[in-house]
Structures are given as C-alpha cells and as structure tokens.
Amino acid sequence: MSWVRSVAIRTALCRQVRSRYQSYGSTRLFSSSLRSWEEPEVVTKTPKADIDHEAVKAHQESSPLKSIEVPFTSLEASRKFDKSIFRGLYNSKMKNMTVVQQRAIMPMMDTKTGVVVRAKTGTGKTLAFALPCIQAALENPQQTQKGRIQALVVAPTRDLALQIEAEFKKVLQHQTRNVHRKTDTFVLIGGRKNDLHPKAKAAIVIATPGRLEAILRDPRMLPMFSDLKYRVYDEADRLLDQGFAPTLEVIEERLRDAKAEALEPDNHFKTALFSATVDDAVTNFAHETIGKEYEYINCVDKDAEESHENIHQGIVRTQSIKDSFEASFSYILNHINDKYFKAIVFLPTITGTEYYYRVLQRAKREELYDSETATKKYGSRILRLHGKMSQSARDRTVKEFRRTSHGVLVCTDVAARGLDFNDVSHVIQMCPSSSVADYIHKIGRTARAGARGKARIFISEPEMKFIETLQRERGIVFKEDTEYVKDETSPDHFQRLGSYEQDALEEFLRTFLGFAASVSGVYRFNKQRIVEESFALYRHILNDPSAKLSVGRRFVSEVLRMPGRDAAEFFDVPGGFDMRSSNDRKSKRTFMGDGGSRSDRGFSNDRYGNSGRSYNKSRSFDRNDRSYGNDRSYSNDRKSYGNKSYGDKSYGNKAYGDKSYGDKSYGDKSYGKSYGNRSNDRSFSRGNDRGGYEKRNYGSQSRNTYGRRDDSDE
C-alpha cells in the first residue's frame, strides 16, 4: 500500500492514467479540485494502474502549496482541449502546471455557472483562465465569424491587460493561420486606438472597465457580447478597491441586455473571479455576478503568511518624513553597485515618482555611485513608470525593466498588482500604502517564482500606526527593524540634488499633501504633524526655513480641512487667510485631532464600506447621482473629490497626486491646471484618462490641479 501511495504523489501518476486510457479506451474525467481521476465503474482496474485517490486528496489538503508535478499533457485525457493548445504550450516550453492551474482549469471547463479562485499573484493564474477561453474560441468559429465574442477578460489596469494579452500569445504563437483566425484577440484600454467594431470578428476581448463600459453603451457593439462563453474578472479585489463597483454594475446590466441578440438564447456564459484576497466585498460581488451556487477554489495555504514567505521584510524607522527620503536615497546609493541589485521604489503620487526619478538621474550623472561600472558591467537602468506617461512610453519601460537584470524602477501603485518582473531583489516603499492589501501586493513584486527578495519600508515616527495596522490586521512579521541615524559628517546628497528640481518639488509637495489627507483618516495619523513634517522636507531641500507653498483656498479648507490660522504658517493663498475663521473650534478639531472621526477621513479608499470596498446590488444606480475617481464619468450634480462625493456642487476633475479631487467651474470661468495627454476613455466621460497640459485662469488668479489617480484604467 505504501508503494501505491508513493505512486500517487509522483509525476508517474499522469503517465499511468494516460496509459490506462489508451489501453481501455474509456473516458477519464480530470477533477482539478482534487487532482484525481474519476474512473467509470465498468473499467477493471489493474494493480499497475491503481491509484490511491485518498492519498492524493490528503496530500493536497495537508499542503496545497506543495503540489505534485502534473504536466499539461495530462489534460488530454479529458478530451476537452484542442491539440493546438498543447502544441502552443510545448512551443512555449511550458511543461508542468502550477497549483492554480491544476486546481482551476478543469473546474472552469466543467462548471455550469462559475468559479471563485483565490490565488496569489505570480502563481500562473492567467494561464489558468486563458486555456478555457482559448478552447471556447476554437470550438465556436462560426459564431466568431458572425461577429460574436467568445471570451471576455476584465482587468483593473491597462498594464495588466497587456500582460494578460502576452500570456494568451504564448499559447497562440507558432500556430496555424486557421487557429489564429479562430482566436483573434483584441485589447480595449485607454491610451490606445479602439480597433473593435461589429465586423472585427473578435474571439477574445481583454479590457479595462471604463473602456469596456463605453463599448457596451454603444448599441451597435452590444450584440457582439450576446454569445459569450466565459467572462473573467482578474484581480477582482483590486477592481473593487479602486472603486470600479458602479462600472462593473453597468457592465453586468449591459451583458444581460446583450442576451436578447444571442444566436443561441439558451446559452449562459460562465463567470470566473480570480483574486488574491476573498473578503466580504468579493463574496458579495460573486453572488451578484454568478449567484450563490459557485465553486470556491482556494490555492493559498491556510497556514501561509499573508505575504510571501521568501520575502525578508524590514522596517527602517526614521524621526521624520525628511529623514525617510534621505535614508531611502542613501540606501539605494549604497546598494546600487551590488551585482544583483534590481529594485522597485514605490511612491504614492505621480509627481513624487517624477521628482524622485529626476534626483536619481542626477546622482547617476554626477557619479555619486560607480555608474559607469553599473551600466557597462551590469546593464543598469534607472526607469520610471506612472499614469501620466503615454501608453507607448509605459510599454517601453515595462519591456526594458523586464530585460534588465540590474537597476531601479521608480513607480506609483500602477505596478503594484499584476505586472510581473523577473529577478527583483528589493522592493522599497517610501510611505504608508492606501490600504493594507496594497502593501501586500507591492512587496509581492519580489520573490517571484520561488526566488528570494527583500522588502524595506522607510517609515517616520508620525506614520508608525500604519505598521501597527499591518501587524494587527495581517500578522505581518518584520524580520529586521532598524533605526536610521544620520551621519552628520556625510554630505546630504538628496538635499543638494533635490534643490535643482524646485518646480518638480513644489508639484510633489502639493500632491503629497493630498495623499496625506487621504491616509491620515484611514490610519488616524495626526494630520497637523504630517503637514509639519512635509514642510520640513520642503524647506530643508530649498534651504529656506520659512518657505511657503502657493495653493488655492479650497485646497486648504476642503482637502486638508485646515483652519486659516494654522495654514498661514505654511501656505500662501490669493487674498490671504481670514483669521476669524480659526475661531471655529469644530473645524480646528477636525484638522488637529489625532485622526478624527470617520467623517474626517480626508479622501480615503473607504467608498463602499468599512473594508474600503463593497458591491451592493440594492444601492440605487443613477448616472447623475455618482461621482467617480479615474476612468469614470464625473458627476454634474455633486461636489466630487476623487473617490467621495460631498454636497450638491461639482468640482469635477481637480486632482492631487494619483487621486482625483475635482476640476472647479464657476459659470464661464474655470480654474485649474492639468498635465499629460488627455484621452477620453468613454464617449460620455468628461475627464477620465486625463492629461493634457493646460492652464486656466480664474479671475486674475491662476491655480493648479493635478493628474488623476494613477493605478487606474488609464
């Protein structure tokens, strides 16, 4: 019996079953959830081929992350996949399935309604849903030729959508022209021309929510989605985190409407949700899109830590935000000449990313490290990635960082989820993340595919409540805890280099303060202390202890909720501050209190419930009664600040950092400034996928607004 049990755990299992299939000509059904084979009772078993199913099941339940090796060719026994799929896998040198693929592929094929799959990033989940989608396209070429899409994949960002497309291409490359014709794939994202039209004969569509919603609102395009076989939501938790719930609700309604045009009215598509976390919001979303009868597939060990066990996490404690930036800069300069140093540096805003990138570039030009050796010997690169960049520029950056084995990528949260880079040795975070889940996914950019990596967060004393939240809510264990002590004899390179970028520094401070207003409410930071620390950094770099920042009055009162008497120390506003307003003790409390009430959250991500996201079907859904951050239309009936709506006025598209805070309009006068290229992500939207550099005047005063939230469907 021990011999039989060992056979069940070895790779010979699949070959034996295939041999039995050839010998008896019987149908074998592969159960991915158990990784076992169901034998028809009419088949006589032989000792050689006998498999201890209980041993296999017990092995999986005891250690689901340590799977036995199962080759993709084992799926042939199910007779549910076209041979061209296995040819594509073979040509791409993909031999064995990961745990996610073993557990999810066949349930996706067999389900009548849908599946919810919990899997960490970097575990091969894209291929797990790619194979069923490709098979559906191969089985229904007649419908595709009649303009009917067979599979739809929805991703939260355009970078992730492009990465998903690349995974599909791995299977579809080196195929015959006939296979290519049956599996024609389209990507619908912002910043790229939409080539999808009713006569396009698309088989598979990969889209971001905003662009997909715009397509579905076009009556000419709606029939194309009438005969879907699969609908996949990748990174479902992030879709909800970023406030896409209303957009997903519209997508759901429009897909139901499309059924009226179905070639096969009785056909019902299957839905698959892939998510790194499955909380109440994801569960409610699954109930609304699939129903309560779905299969839940957990590919995460119940005893595993929330973050990857191969990541060496460490804290670098500093006394101030100024020290955090100096310490991180010194850390990079001290390690950038290491042979295998390949780091991702996360900052919370676009302008912060741009500023830090410029300072690193100056350090390279001034040879503050051995840049010649790093470049010539290791091929080192210093790159940036954020949402203000054009799509072509972002694509080039992603390709370059994937190719290089050495260097630094400075980026916003746009790269925190989905994007897969090989051999990242370090993840460096400069500030608290907007949510605990964001922190988890950022550090997940290192230690991919069984490798090891380091994650360092530079955190100031006023921000320590974020670390406490990580430890309390997710049980994060930091294996290294270091206190930064500045060497007073060493030159302050960050201050000197940063002073050359004064304009970029001012833009950075404005957006950073908007971000601080958001997270202060989430983690109950002392906002007064955060503002003081931010200006200490600003004044230190400028070497001006009394430097002030010019902002609009509403930025102080609405974004920071700061009394005029306190704000006068830091800000210049047109016409000055009305000091009498500082006697309003209530307003003073909301700013100076240690975190404040829920109503004083600033602009947190908590739009849809206590967890920061939810999906509630019963909530009224009216285009004129909602405000959106990125990739959604902006309300004309409400005053909108990024992801929250307040009152009855509209302040449209004014944005600070990576979150939108409104564009103010008063009659025929407008007030604001935005950066980048503007590309409307839907026909009815006033401002998503913004950019454009334009400066408008309000009366005699000129004021600034900044790009929208970066980690969106751009």
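A Cβ is built for glycine as well, from the same backbone N, Cα and C atoms used for every other residue.
The range from 45-73, 74-102, 306-334, 567-595 that Swiss-Prot describes as motif 'Q motif' is residues 74-102. Range 234-237 is the one annotated as motif 'DEAD box', of 22-25, 234-237, 374-377, 542-545 (source: Swiss-Prot). The motif 'Q motif' (74-102) scores a mean pLDDT of 94 in the predicted structure. The residues of the motif 'Q motif' (74-102), classed with DSSP into helix (H, G, I), strand (E, B) and coil, number 18 helix, 1 strand, 10 coil. If you take the C-beta of Gly124 (ATP binding site) and look for same-chain residues 6 or more apart in sequence within under 8 angstroms, you find Met97, Thr98, Val100, Gln101. Same-chain residues with CB within 8 A of the center of the Ala119, Lys120, Thr121, Gly122, Thr123, Gly124, Lys125, Thr126 CB atoms, the ATP site residues themselves not counted, are Thr98, Val100, Phe274. The Cβ of Gly122 (ATP binding site) lies under 8 Å from the Cβ of Asp420, Gly444, Arg448, Ala449, each on the same chain and at least six residues away in sequence. Classification of Gly124 (ATP binding site) by DSSP places it in coil, neither helical nor stranded. Every protein chain shown contributes to the tally, and the Cβ of Thr126 (ATP binding site) ends up with 25 other Cβ atoms within 10 Å. All protein chains shown were included, and the count of other CB atoms within 10 Å of the CB of Thr123 (ATP binding site) stands at 20.
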